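One structure is given below, encoded as structure tokens.
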Amino acid sequence: MSTTVPTPAASPAILALADGTIFHGISIGSDGETLGEVVFNTSMTGYQEILTDPSYTKQIVTLTYPHVGNYGVNPEDAESRAVFAEGLIIRDLPLLYSNFRATMSLGEYLKQNNVVAIADIDTRKLTRILREKGAQPGCIMTGENIDEATAIAKAKSFGSMAGQDLAKVVSCEKAFEWTTAEWQLGVGYTVQSNPRFHVVAYDYGVKFNILRMLAERGCKLTVVPAQTSAADVLALNPDGVFLSNGPGDPEPCDYAITAIQTLLAKKVPLFGICLGHQLLGLAAGGKTSKMKFGHHGANHPVQDLDSKHVMITSQNHGFQVDETSLPGNVRITHRSLFDGTVQGIEMTDAPAFSFQGHPEASPGPHDVAYLFDKFIAQMAEHQA
Ligand SMILES: NC(=O)CC[C@H](N)C(=O)O
């Protein structure tokens, strides 16, 4: 399908950073203003998965790839129930979109989901500022009410992501079952009807593709709210527990850290991704810290320190597990080849491991999918 997108007269928009920088562009989403920490993502595709990744709560994303929207959006590629990114900043929104799965343009999707977004700005300059000074708060303002001084003042008022417990804010309200497996060309999403394992997945802001990849590998999932106690999880008699990705700072999530400590002591097989990885590190007695501008993209090289394989990975994090803080029963299994930071850990005295990047991709390469198989193997061993 190829569709010409109607082009109403572009309304002006600005992006103001807390350091006082102003960018002038056009509004491509809904009218109004938005506020958040501005981060850059280097993925060349996957804007819909990025917008719907709950880990972007309170963050405005700028994509370094210049043409965004070429293949439109579709109802199948959402990674959660809603758009969570606080705003979108791009160089160029194409006039046409073309893809056999597309049902609407990116611009229409942004408007439908009340996302304030700006295009026609120099995203390369913006990214250089974020690289040099670090991720910083920004404010997008559109339409009649644009006022540069107010936008800068609002950006400055945002504060920091450090100290913000957002996992419990975005988590589901009630537990639910999940059986949807992976997508197949010509078929769509498949269903896991013959599960071998029961996994309880903590929803700190989980991306659907994690649940789909676990279902594909023989799991029936019970997704539970972030603040569910370890006792309630154990009462469900799981073969393994999954710790999801999610927004904000891991350190204030004391409810999660306490629950994970109990699950570690009970030797329940545990697998954590991103925020889940950071929470496992904290539960083990380590520390986490905020990075300068984090890792956000689908092209980050990471090494598996056991096999020595180098994988191209999907990433989206602004905090990290501090290597020197880790106690002796935590082994480092993966490392970023961009900056040497910890990308994976494993407990030596419990069946628990975690990865900082995104083995589920969506968007990005599937080089790290073998970690889902490792979790399955751990649960099979535990069952035996
Ligand atoms: N994708 C995630 O789970 C991100 C984890 C955490 N919010 C961070 O920014 O580091």
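Just so you know, glycine gets a Cβ as well, placed from its N, Cα and C.
Per TrEMBL, the features are as follows:
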type	residues	note
REGION	1-197	region 'CPSase'
DOMAIN	11-141	domain 'Carbamoyl-phosphate synthase small subunit N-terminal'
BINDING	Ser55, Gly246, Gly248, Leu275, Gln278, Asn316, Gly318, Phe319	L-glutamine binding site
ACT_SITE	Cys274	active site, nucleophile
ACT_SITE	His358	active site
ACT_SITE	Glu360	active site
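Within 10 Å of Gly246 (L-glutamine binding site), as judged by C-alpha distances, the active-site residues found are Cys274; the full candidate list was Cys274, His358, Glu360. Listed in sequence order, the residues Asn245, Pro247, Asp249, Pro250, Cys274, His317 complete the 8 Å Cβ shell around the L-glutamine site centroid, once Ser55, Gly246, Gly248, Leu275, Gln278, Asn316, Gly318, Phe319 themselves are left out. Counting in whole angstrom, Glu360 (active site) lies 12 from Asn316 (L-glutamine binding site) by their C-alpha atoms.
His358 (active site) falls within a strand when secondary structure is assigned with DSSP. Spread of the L-glutamine binding residues is 13 Å (greatest Cα-Cα distance among Ser55, Gly246, Gly248, Leu275, Gln278, Asn316, Gly318, Phe319). Gly246 (L-glutamine binding site) falls outside any helix or strand according to DSSP and counts as coil. A simple way to gauge crowding: the CB of His358 (active site) has 27 other CB atoms within 10 angstroms, across all the protein chains here. Mean predicted confidence for the domain 'Carbamoyl-phosphate synthase small subunit N-terminal' (11-141): the pLDDT average there is 98. Looking at Gly248 (L-glutamine binding site) and His358 (active site), their Cα atoms lie 16 Å from each other. Calculated from their C-alpha atoms, the gap between Leu275 (L-glutamine binding site) and His358 (active site) amounts to 10 Å.
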